[in-house]
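Chemist: Submitted below is the structure of interest, expressed as structure tokens.
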Amino acid sequence: MGIKGLSQVIADNCPSAVRHNDIKNYFGRKVAIDASMSLYQFLIQVRGQDGQQLMNDQGETTSHLMGMFYRTLRMVDNGLKPCYVFDGKPPTLKSGELAKRASRQQKAREEREEAKEVGTAEMVDKFAKRTVRVTRQHNDEAKKLLELMGIPYVNAPCEAEAQCAALARAGKVYAAASEDMDTMCFQAPILLRHLTFSEQRKEPISEYSFEKTIEGLNFTIEQFVDLCILLGCDYCDPIRGVGPARAVELIRQHGNLDNFVKDADKKKFPIPEDWPYQDARRLFLEAEVQEAKDIELKWRAPDEQGIIKFLVEEKGFNEDRVRVGINRLVKASKTIPQGRLDSFFKVLPSTKKEKEKPKAAAKRKRDTKSSAPKKKR
């Protein structure tokens, strides 16, 4: 679910915290990607001409592998060094949200069957996408493919977004990449959205700065997390009557959720008695992650024959296309730099250069004046 309305809050209160870039701007950057979110995207978006998920002759879904292979190729073609992070066990507090998702999926399955009988193809497709979920098999097959491609991955002990954020905070990667805005609640210094979208969508990558966000809001980290909980997250339902603008106003007025829960008008803001905001706050501020210092990210040369065996022989992919993809992967593995120059050299702010310009111009003027021939009287 992410954080409801957070992108709108940032756009309204601190627009300088987000910028939009082309993928080429991230040449040489290491990025930790939320694998579960990516696989979910692939299962929904990577479809055949009939609108159905891609399958092999055995009836096995292959949309997730097609997406993982070609979207990863697009990244390495542009000089990025991706690593994927997979979800571990969900926190107990998330069980309610997971139960709601399961209920929605069951309802969508029933509506899809009904649409098959009386509805249009568009209706069937709409409800079919709502039934999508990432299974253990999808995860295992994605990990196998990444290993064959030489792309590192990490198994998070709990939430993948939290582990991505931890890797970014430790400097192991430049940014965390996910469509879920709650990645910012885990204090990822930089969040990239739309990184794993297809090239055909021509969607620029949105880069969110955590530091500029809390500076623009004039919030502490704790206040920002409280704001996100108030907006509505996977761990806590939102409070009826509290939208993005009102949530910002309430945190500024009360300072934190403790004061809001204690002092708020309960008729105006019906807060459930068992609203677990303190547990949610703890999950964001003290997330269960593997220590970044214990994680070594290594990008290796691809196992060309292994990829052919897995994708072509086992999963029924077109061999010619896979071989072209392998060639792109091999080329990228030889040309992607170890690091960017701007990570080694300190870039001076442009303001200093601007200040120096008038002085330099004045000096040139004096030099020109002194060297000019004097007029005879």
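Cβ atoms here come from the backbone N, Cα and C positions, even for glycine.
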Chemist: To which of the residue ranges 256-264, 319-327, 337-345 does Swiss-Prot assign the term region 'Interaction with PCNA'?
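Modeler: Here Swiss-Prot associates region 'Interaction with PCNA' with the stretch 337-345.
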Chemist: Name the one residue among Asp22, Asp34, Asp57 that Swiss-Prot lists for the same Mg(2+) 1 site as Asp87, Glu159, Glu161.
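Modeler: Looking through Asp22, Asp34, Asp57, the residue Swiss-Prot assigns to the Mg(2+) 1 site is Asp34.
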Chemist: Starting from the Mg(2+) 2 binding annotation in Swiss-Prot that includes Asp180, Asp182, which of Asp234, Asp237, Asp265 is the extra site residue?
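Modeler: Matched candidate out of Asp234, Asp237, Asp265, per Swiss-Prot for Mg(2+) 2 with Asp180, Asp182: Asp234.
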Chemist: Checking your reading of the structure: which of the binding-site residues Asp34, Asp87, Glu161 lie inside a 10 Å Cα sphere centred on Asp182 (Mg(2+) 2 binding site)?
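Modeler: Matched binding-site residues: Glu161, sequence order.
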Chemist: Return one of helix, strand or coil for Asp182 (Mg(2+) 2 binding site), based on DSSP.
Modeler: helix
Chemist: Looking at the binding-site residues listed here (Arg71, Gly232, Asp234), whose Cα lies nearest to that of Glu159 (Mg(2+) 1 binding site)?
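Modeler: Its closest listed neighbour, by Cα, is Asp234.
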Chemist: Can you grab the distance from Asp180 (Mg(2+) 2 binding site) over to Asp234 (DNA binding site)? Cα atoms, rounded to a whole Å.
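Modeler: Cα to Cα, Asp180 (Mg(2+) 2 binding site) and Asp234 (DNA binding site) are separated by 10 Å.
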Chemist: What are the non-local neighbours of Glu161 (Mg(2+) 1 binding site), defined as same-chain residues 6+ apart in sequence with CB under 8 A from its CB?
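Modeler: Counting only residues 6 or more apart in sequence, the Cβ neighbours of Glu161 (Mg(2+) 1 binding site) under 8 Å are Asp34, Ala176, Ser178, Asp180, Asp182, Thr183, Phe186, Ala188.
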